[in-house]
Amino acid sequence: MNPLGLFLIYLYTCALTPVSGYPNGKVTSACRSMRPDHGHAPQSEPIHSINVEKTIFKPGDRIKVTLSGSRFDGFLVQARDAENLEGSAVGSFSLTDERISQLLTCDGIQNSAVSHTSKERKLQVELFWIAPANSPKHIQFLATVVEKYKIYWVKIPGPIISQPKAPSIAPKIPSSTIPVVPPPSLSLHKRFNSAGCGSSKFCIRNPVSCDPEHNPECFFLSFRKDGQSVLVEMSGPGQGYISFALSHDQWMGDDDAYLCVKEDDGVQINPAYIRGRSHPEVSSMDVLRDVAWRLEDGVIQCSFRRNIQIPIPKERFDLGRSYFIFLADGDAKDGLLYRHHRQPLMTNRKYCITDFPEDVGGSRSPLIIKLHGAMMFIAWMTTVSIGVIIARFFKPVWPTSSLFGEKIWFQIHRCLMITTVFLTVVAFVLPFIYRGYFSKRAGYHPHLGVTVMILTVLQPVLAVFRPPPQTHRRGIFNWTHWATGTAARIIAVAAMFLGMDLQALDLPDPWDTYTMIGFVLWHVFVDLLLEAHGFCLLKKAKTMEEDQIGILNSSPDEAEGHTFKKIVMTVYICGNLAFLITFLAAINQL
């Protein structure tokens, strides 16, 4: 397989990184509730059990605790005061197998909980609990067990152990083991439509002005204000889920999100909160009502109603304010969300969805990334290509013409190359401004970009130290200058091929690749044509007598050759600009 194919497979593999819960077991955020944010109700009847080696203990005792049952992926074990199961963890644990279990600090108490280290399947976990000096009279062990993402049990009650002579106690049921009944959801009988967009409801559509009733490829999100609540309708093609988020800025993080996840023959609808670039933290559905969904021909549709203002929790934003709005889709399996494989659709500014109804579009590429791509295309498709051809083939065309004290071909070449350096430097900085760091998910593209940047800066530095034409070092400079420039151009083209299909600037496939191949072939063809033309002129000159060579400089053949070069150059520039405008127009449409 060719390197480009391998790279695309690598990108696809990276794109399928799951945004799951905590496969590494670092679940300190769930210490008190012991509940994973998986967006599914826990199972009611536990199939796992907790056993202890003795039921009477004294402070300082070391008691063996065993969690066992059918195979499971993750777990969280704590000991709590049996008379206050909603309180803090009590005591500390030690491990018997650090390969599958790890100690956590909960409620500021070191080693007071134990969790898994990976998603490796387990049948049994053995631990030792150490009773503290100020231990309560009765201790009960609790365990949360995750069999797979949407199948888990919360606070499975274990045996109660007591200190000597402590009065008997009746077992209590932990609150999280009480089954949570989600609000009922209805099945939508017909598709959403765009009627009322911009007049009675706020709409976001991509492609612009598409109608989800007739176009299955339409990504559609609408908000209809109804008193103190808002009715939300969301539709789009999706293999696993579609979602939208309200954000204070144009970057992922600290966002109020809503997920519609395909599960078997239905759709699970949940609010969520996104902290930084981590996976969504699924929240309770209590804030949503009138939940409904529809699945048909690969299109996911869901609707729900929520109040404009929800004081608690704070993760639910006030819909009376303005936000950037994101609309994303991606894969999901067994309720497990995977990272979206393309850039989310995003509004170009903040909107208040409960203010005046509007009908807007969006972009899947941030403006700053569009500028990056546009500048790189201009620099490495047009300015550098024309500049190189001028330097290689047009020195004899204007042998005596000068501009500001330098030969005209050199001034044109220098102007185009300075423009290339300027555009490259500015474009190089833009992704770092947007990301804030060196992207690890962009494959080889950023590495090639850094290489191009180094070579681009090196070229004018070399030019400053260019030796005079008559010195022997001029030949070394010429070869070094040519090799550095050629390497930069080849690597830049490779970087453009890879960059066109990255998430942040995903140009339409497969025409983007074919168009870039067309540009490369066009440039190579013109380059070879001018090279062949020059070779023919040189061969013709060598066949002439020695006394005729001096006449060649002013012969009709030479003038005809110059005219041919000018015609070819004019046609080349027109073709080059056609390719460039095609790419710039595609970027503008993102």
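Just so it is clear, glycine is given a Cβ too, placed from its N, Cα and C backbone atoms.
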Swiss-Prot lists as N-linked glycosylation site, out of ASN478, ASN553, residue ASN478
Given the binding-site residues HIS372, HIS413, HIS445, state which is nearest to ASN478 (N-linked glycosylation site) when distance is taken between Cα atoms. HIS413
Counting Cβ atoms within 10 Å across all protein chains shown, which of the binding-site residues HIS372, HIS445 comes out on top? HIS372
Across 416-436, 445-465, 517-537, 567-587, the most C-beta pairs under 8 Å with the transmembrane segment (482-502) come from 445-465
Using a 10 angstroms cut-off on Cβ to Cβ distances, just flag whichever of ASN478, HIS481 is the loneliest among these recorded positions. ASN478
Far apart in sequence but close in space: which same-chain residues, 6 or more away, have a Cβ under 8 Å from HIS413 (heme b 2 binding site)? GLY387, ILE390, ALA391
Report the mean pLDDT of the predicted model across the domain 'DOMON' (217-330), rounded to a whole number. 89
For the domain 'DOMON' (217-330), DSSP counts of helix, strand and coil? 3 helix, 69 strand, 42 coil
